[in-house]
Amino acid sequence: MSVVEHVREMASAGLHSNVRLLSGLLLTMSGNNPELFSPSQKYQLLVYHADSLFHDKEYRNAVSKYTMALQQKKALSKTSKVRPSTGNAASTPQSQCLPSEIEVKYKMAECYTMLKQDKDAIAILDGIPSRQRTPKINMMLANLYKKAGQERSSVTSYKEVLRQCPLALDAILGLLSLSVKGAEVASMTMNVIQSIPNLDWLSVWIKAYAFVHTGDNTRAINTICSLEKKSLLRDNVDLLGSLADLYFRAGDNKNSILKFEQAQMLDPYLIKGMDVYGYLLAREGRLEDVENLGCRLFNISDQHAEPWVVSGCHSFYSKRYSRALYLGAKAIQLNSNSVQALLLKGAALRNMGRVQEAIIHFREAIRLAPCRLDCYEGLIECYLASNSIREAMVMANNVYKTLGANAQTLTLLATVCLEDPVTQEKAKTLLDKALTQRPDYIKAVVKKAELLSREQKYEDGIALLRNALANQSDCVLHRILGDFLVAVNEYQEAMDQYSIALSLDPNDQKSLEGMQKMEKEESPTDATQEEDVDDMEGSGEEGDLEGSDSEAAQWADQEQWFGMQ
């Protein structure tokens, strides 16, 4: 057995560090004495050395060695063509053991993708003749084409994957995301569905995700629920995660959190979708739960975007925007296609006053997820923050036409209309339509309450909020109800509503301010009562009382400070 064969055996056994050391020494020997190894042996040593570098994540160095290997292979091919008769029987097995040139190019493409050099990855894979492309090469090409916006080439590559592997479900999702009809995709899998038992669910699965990628959340939810209820697919983590995401897109945060929790219980190591889950928990003010979730995810893997996004949500809702910006950027560095990371970074930039930079991130999120309303909401908020009402109106109308007239799009359009005094009546009509469709949609209730507050119709606002709170409990709704009750002099109940709001979200600054304002208004009466007690008792306790008031004020200030962290 030659020394090169020993290197090959170690590579096959996964002894990468050993391969790296030995192949490096042997390549140096070959450089000092070119006659020491044959061209084919040198080619093998270069490939095995590059593989070991790839395993150590030294991608630039690996690309350099793979390039040298391909040059060596080209020289080897020319030599074999010039001298075809010089081979002997012993060389035939050796030539059969040579690493595949196509596999080397695939590894080079992997290195380029890790280095964020997608154009170079596409170029190296495009150089492989179509007939020689394996399914994994076509899959990588399809994903790279999709990322580069070359949709037609991406569709062709995904279809080629399905032709070779008709049960490649991620390729199916890729086609559906590129607007290929569900029926056309299903036809490519029909033969295998009919020939294999217990695969009848696959056509329904394709139908469900076709609805997902056309933005028809209601039908997608109903179809996935029908799949999830089937005994063979009950408690499937991927289906539960998809349901959670769909409920989130539909604005049903309560059911979204419920499904995420179910999926998490079934798979404690689940990472996918946990960024959205963390965001929902943060919005509800459950920052301790968000912090615990972030720690748990970091213990699972810090090489995914999700843990960084969850920690970023904790920072954002603790009003630490600079830290949220850093964590969002780190998440994007790990996964440039993370929509939630782009939204986090965009929101942090917006709140730091860097609106134009935020707009770039929200636009990229829209490109990646054109059916997600929260991407458009972030962009419209940026337009409104920079007083670009016209751009906000154009965008809101486009969303309304593209995603259809549902409670969410109606509310978004109404939100923009509220910014212009001329379109106040239109906003009222849109909100009434939204609340007719979904009386419990919190954003629509909040905006309608805002409109009623402007019109000083406090009694109508109180009735609206009580009705919305009949079947749900939300911090913002309780706080606004408290504001309305103050306006009609119902101070005690207003205090109760602020207390409920703070119990749901201890960091809600507006509820805390409302409660403190009421306490200050009541303080003159309290001070008079204290003076009467002191006069009656004739004691020297006044100084103690003043000291305790001062101490209470300090604690109140501290509580407010902690709420800002």
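Please read every residue number as a count from 1 along the shown chain.
Any Cβ shown, glycine's included, is placed from N, Cα and C.
Curation plays no part in TrEMBL annotations; they are all automatic predictions.
Pulled from TrEMBL:
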type: REPEAT; residues: 339-372; note: repeat 'TPR'
type: REPEAT; residues: 475-508; note: repeat 'TPR'
type: REGION; residues: 513-565; note: region 'Disordered'
type: COMPBIAS; residues: 513-523; note: compositional bias 'Basic and acidic residues'
type: COMPBIAS; residues: 528-549; note: compositional bias 'Acidic residues'
Secondary structure composition of the repeat 'TPR' (339-372) [DSSP: H/G/I, E/B, coil]: 27 helix, 0 strand, 7 coil
Within-chain partners of the repeat 'TPR' (339-372) [C-beta distance under 8 Å, separation at least 6 from its ends]: 212-215, 249, 275-276, 279, 305-306, 308-309, 312-313, 316, 321-322, 324-325, 327-329, 331-332, 378-379, 381-383, 385-386, 402-403
DSSP-assigned states of the repeat 'TPR' (475-508) in counts, ordered helix, strand, coil: 27 helix, 0 strand, 7 coil
Number of helical, extended and coil residues in the compositional bias 'Basic and acidic residues' (513-523), per DSSP: 11 helix, 0 strand, 0 coil
